[in-house]
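For reference, Swiss-Prot has these:
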- Asp67: active site, proton acceptor (ACT_SITE)
- Asn136: active site, for ring-opening step (ACT_SITE)
- His138: active site, proton acceptor (ACT_SITE)
- Glu143: active site, for ring-opening step (ACT_SITE)
Amino acid sequence: MRIIVVDNYEEMSKKAAAMIASQVILKPDSVLGLATGDTPIGMYKEIINIYKNEKMNFSKVKTFNLDEYYGLNRENPQSYYYYMMNNLFNHVNIDKNNINIPNGMADNIEVECKEYERKIDKAGGIDLQILGIGVNGHIGFNEPNISFESETHLVNLNEKTIESNSRFFSSKEEVPTKAISMGIKSIIHSKKIILLACGSAKSDAVSKAINGKINPNIPASILQLHRDVVVIIDKEAASKLKLK
């Protein structure tokens, strides 16, 4: 695990975007695992800037998003499909057929989850996975005490997660209580992983994930076992970290 501590959010975003650009330049048909939320928005803006400077070509890239709220249609501004189109996909030359995001309105969730795993396998697995980390240590929507053997599945969202995500909605009551998420096993099979965190609110989770014991109660702690993880965090998120 390589840990990069930066001064601020902008620097974190630029470093992450540069790593994604390098991946796509070296392997134009890369399979990218993408995340949503506040943390990667700056990274996506930087990627768009790199693309506009003609240094990046998405025409052969395939993407798989980590998760989607259950019960939100894709036209809903709070859906992660809407988020990805607005923050990245509408601004680059990606083939829309190569975009994969769980369908939160699927009639049969079990079939949807198995099909998502099949698509990842058919694509050859994920070359580079972007992750954020929740205040409770979750990655994707894999909440504390999730099985490390989990694949794409329907999740009951933790109260902390609902509380944290309520800032995106008019009220806490509007936040969906379930989501479809790639599982820990799905994530850990990625060839390379970049974990992003910014701000003091994430410092506990970052410390426990990196310095603590590998424990299902802190889902991100499983990343200690992965052979190629880069952690990019600002000074506030790193404030409780014991660096060797």
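Positions of Cβ are set from backbone N, Cα and C atoms, glycine also.
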How big is the Cα-to-Cα gap, in Å, between His138 (active site, proton acceptor) and Asp67 (active site, proton acceptor)?
12
Could you round the CA separation between Asp67 (active site, proton acceptor) and Glu143 (active site, for ring-opening step) to a whole angstrom and send it over?
12
Just to be sure I understand the packing, how many Cβ atoms besides its own are within 10 Å of the Cβ of His138 (active site, proton acceptor)?
25
Give me the non-local Cβ neighbours of Glu143 (active site, for ring-opening step): same chain, 6+ apart in sequence, Cβ-Cβ under 8 Å, ordered along the sequence.
Asn136, Val155, Asn156, Leu157, Asn158, Thr161, Pro219
On the three-state reduction of DSSP, what should I expect for Asp67 (active site, proton acceptor)?
strand
For the active-site residues Asp67, Asn136, the one whose C-beta sees the most other C-beta atoms within 10 angstroms:
Asp67
